[in-house]
Amino acid sequence: MGEARRDSSSSLQHKKPPWLKLDIPAVVPPAAEEPSFLQPLRRQAFLRSVSMPAEPARVPSPHQEPRRPVLQRQMSITQTIRRGTADWFGVSKDSDSTQKWQRKSIRHCSQRYGKLKPQVIRELDLPSQDNVSLTSTETPPPLYVGPCQLGMQKIVDPLARGRAFRLADDAADGPSAPHTPVTPGAASLCSFSSSRSGFNRLPRRRKRESVAKMSFRAAAALVKGRSVRDGTLRRAQRRSFTPASFLEEDTADFPDELDTSFFAREGVLHEELSTYPDEVFESPSEAALKDWERAPEQVDLTGGALDRSELERSHLMLPLERGWRKQKEGGAAAPQPKVRLRQEVVSTAGQRRGQRIAMPVRKLFAREKRPYGLGMVGRLTNRTYRKRIDSYVKRQIEDMDDHRPFFTYWLTFVHSLVTILAVCIYGVAPVGFSQHETVDSVLRNRGVYENVKYVQQENFWIGPSSEALIHLGAKFSPCMRQDPQVHSFIHAAREREKHSACCVRNDRSGCVQTSEEECSSTLAVWVKWPLHPSAPDLAGQKRRYGSVCHQDPRVCDEPSSEDPHEWPDDITKWPICTKSSAGNHTNHPHMDCVITGRPCCIGTKGRCEITSREYCDFMRGYFHEEATLCSQVHCMDDVCGLLPFLNPEVPDQFYRLWLSLFLHAGVLHCLVSVCFQMTVLRDLEKLAGWHRIAIIYLLSGVTGNLASAIFLPYRAEVGPAGSQFGILACLFVELFQSWQILARPWRAFFKLLAVVLFLFTFGLLPWIDNFAHISGFISGLFLSFAFLPYISFGKFDLYRKRCQIIVFQLVFLGLLAGLVVLFYFYPVRCEWCEFLTCIPFTDKFCEKYELDAQLH
């Protein structure tokens with residue numbers, strides 16, 4: 001076969017005419033595949049502009065089969081936990097949540113801590129410092145267009161920086177409208193990476209109004225005499241165009257269209273704003289072009305590169321997109337005017353009627369965000385960013401999204417509800433700053449009326465008394481541990497009761513358990529065992545302690561005194577007799593009399609008296625009808641309330657450390673807390689989220705209450721004082737972390753310090769605990785450094801953050817452990833500590849916190 005083919009070809013060569021010449025072209029290798037980022041540019045829609053004709057449609061290339069996706073190993077549980085923990089602490093390397101947090105932190109900083117540095121305002125495109133742009137932070141690689149595309153040459157635009165460098169009047173007058181292009185605009189790849197572009201994110205709708213805001217608007221409408229529906233309709237009619245949050249959906253629907261750059265002369269901006277058509281932007285007028293052509297110094301700029309140094313010298317670092325100047329086909333290039341260029345990035349999807357005001361609408365209806373370091377306090381103190389901020393920092397700022405302040409709303413609801421219930425159930429104590437005294441004539445245990453006085457500390461917060469607050473769950477050391485002084489006080493009272501006996505009056509008017517000194521030898525008989533003949537036997541011997549009014553081991557059936565469960569000789573260890581076998585006549589004087597006094601727990605220190613019910617009610621005590629001795633009742637259990645102790649002799653209500661955070665001393669106290677929560681706490685929670693703020697709030701409050709319980713053990717303390725100062729510490733930490741981007745950080749620091757010192761001075765009044773303030777502030781500092789992610793200024797700062805999390809967590813745990821050891825194992829008695837929390841301007845201004853200062 002091969003020989004036959006060679007013979008046929010040689011025969012054809014001989015038959016070829018001499019004038020015939022065959023030129024067979026060589027095989028051209030296939031062209032290299034275009035870069036992936038240039039694939040969309042093959043479509044005609046991206047190469048269109050107003051003054052450039054459309055390219056003829058090309059034959060589509062055959063469809064290629066998609067590649068199979070690369071299989072990836074699923075993360076293990078350990079890796080998932082590790083990555084989630086890193087994201088939560090804000091130290092992840094490739095975490096989108098970290099970037100969102102950091103961008104949001106900058107917004108909060110701009111609102112709370114004053115002005116930013118001027119270069120930051122210019123680079124972030126923040127005329128009002130409430131909208132952070134990242135377009136200027138991303139400079140995509142140069143755009144290369146092959147010579148086969150309409151005669152275009154390679155374009156390298158080194159000044160394509162985005163929107164950040166804008167004219168000064170733009171920052172003053174707000175966002176400028178798109179200008180008419182002098183030269184045809186080109187497709188922009190920067191719009192794909194721009195944070196303002198809709199191609200890079202899913203459409204986001206505006207969140208609904210909060211319930212509190214709608215309720216407040218409804219209440220305002222009712223006060224003004226209008227209906228809520230009318231007000232809603234009037235507000236709805238004011239909007240004649242679609243909000244920006246819904247316009248973003250149009251952008252997301254056309255991912256194959258790029259942004260177009262438009263350039264305009266500065267002088268004709270305001271004249272042509274009203275003449276823009278709805279669908280397209282036209283070129284400048286012919287008269288304007290003729291004026292530019294008359295200038296002799298103008299040169300042909302077609303195809304020339306933009307002079308970056310000249311723009312920088314004239315402070316016109318413009319947000320240039322990838323573009324070029326195209327030379328006219330088939331002739332000499334027409335001279336193009338050398339003008340000042342301005343640019344507004346306009347999405348092609350916005351080329352519809354009504355879209356020319358999309359940017360002002362977007363800023364008008366966008367939900368207000370909290371810049372990092374510039375929150376509510378920053379607006380009050382006029383804080384601003386510094387002029388220059390690194391692009392990495394700006395990227396972190398813009399990625400931050402606000403959180404819903406669920407914890408603030410829940411906490412405010414609980415505080416309000418508990419305060420209302422406490423005031424309704426326990427009433428209101430006398431209002432004032434001193435002590436209130438009540439004197440009345442009351443029948444006591446001796447059978448005669450006596451003038452008695454009841455002393456009560458006034459409450460200027462308009463709320464319950466200190467005894468009622470302790471019963472509700474206030475911070476009170478004797479209810480949380482076995483206080484040494486309270487325990488010794490109760491033990492001494494029981495020793496006195498051990499040597500007491502029943503005092504029976506001679507006129508048979510009654511009997512009461514008293515000591516020998518309190519029983520009259522002429523009007524009564526003190527039935528003391530074993531001197532009295534009614535003494536019973538115990539193990540063959542007379543009992544030495546007793547007698548007890550209306551209680552005798554010989555006549556009690558439940559519990560009975562039988563061997564081997566005989567009642568001991570010590571009467572303070574006798575149980576309560578619930579059933580007696582004998583009637584009214586036992587031939588024992590201490591059993592046949594009418595008892596006129598029973599145990600009554602008075603005050604907050606565990607003091608017990610055997611007295612009448614009338615006196616006990618007057619002293620606001622707890623009367624025990626079933627008992628006959630004070631040793632048979634546990635007054636601290638009555639005073640503390642809540643859950644009973646596991647061991648009646650050992651108080652164990654440690655949960656008061658966090659339970660008291662939800663109580664308030666009165667209505668005014670609750671209003672102050674609500675105002676703080678709806679301003680400072682709500683603002684911080686929108687930045688950090690409910691979980692971080694809840695941890696800092698609760699742990700700071702617990703630490704503050706623990707320190708207060710150590711240094712002021714006998715004072716009933718309620719309210720989130722430590723928690724509030726812990727939240728204030730978050731503001732200091734936020735200020736320290738945003739120190740590099742603030743224009744005047746020292747000014748913001750001294751303003752915050754003045755606020756804290758004022759609140760600390762306010763804590764010198766009664767019912768306000770400065771020990772909780774100090775400890776809560778210190779613990780809040782440690783917790784904020786550990787749990788609040790912040791802006792990182794480089795890789796070293798990221799590693800430092802990880803070490804900082806571990807160190808401050810260990811420091812806080814050490815502080816908490818030290819306070820626990822001091823509270824439970826090494827109690828501290830500090831006599832001068834009360835002057836740090838309340839200055840006694842008068843003798844009755846501050847409540848006396850000593851153990852036996854108030855025996856009522």
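Here the Cβ of each residue, glycine as well, is placed from N, Cα and C on the backbone.
As written in Swiss-Prot, here are the features:
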- 1-412: topological domain 'Cytoplasmic' (TOPO_DOM)
- 1-21: region 'Disordered' (REGION)
- S76: phosphoserine (MOD_RES)
- S176: phosphoserine (MOD_RES)
- T180: phosphothreonine (MOD_RES)
- T183: phosphothreonine (MOD_RES)
- S391: phosphoserine (MOD_RES)
- 413-433: transmembrane segment (TRANSMEM)
- 434-656: topological domain 'Lumenal' (TOPO_DOM)
- N584: N-linked glycosylation site (CARBOHYD)
- 657-677: transmembrane segment (TRANSMEM)
- 678-692: topological domain 'Cytoplasmic' (TOPO_DOM)
- 693-713: transmembrane segment (TRANSMEM)
- 716-736: transmembrane segment (TRANSMEM)
- 737-747: topological domain 'Cytoplasmic' (TOPO_DOM)
- 748-768: transmembrane segment (TRANSMEM)
- 769-773: topological domain 'Lumenal' (TOPO_DOM)
- 774-794: transmembrane segment (TRANSMEM)
- 795-804: topological domain 'Cytoplasmic' (TOPO_DOM)
- 805-825: transmembrane segment (TRANSMEM)
- 826-856: topological domain 'Lumenal' (TOPO_DOM)
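Across the topological domain 'Cytoplasmic' (795-804), DSSP classifies residues as 10 helix, 0 strand, 0 coil.
For S76 (phosphoserine), the count of additional Cβ atoms within 10 Å of its Cβ stands at 9 [all protein chains shown]. For the topological domain 'Cytoplasmic' (795-804), the model's pLDDT averages out at 80. Residue counts for the topological domain 'Cytoplasmic' (737-747) under DSSP, helix first, then strand, then coil, are 7 helix, 1 strand, 3 coil.
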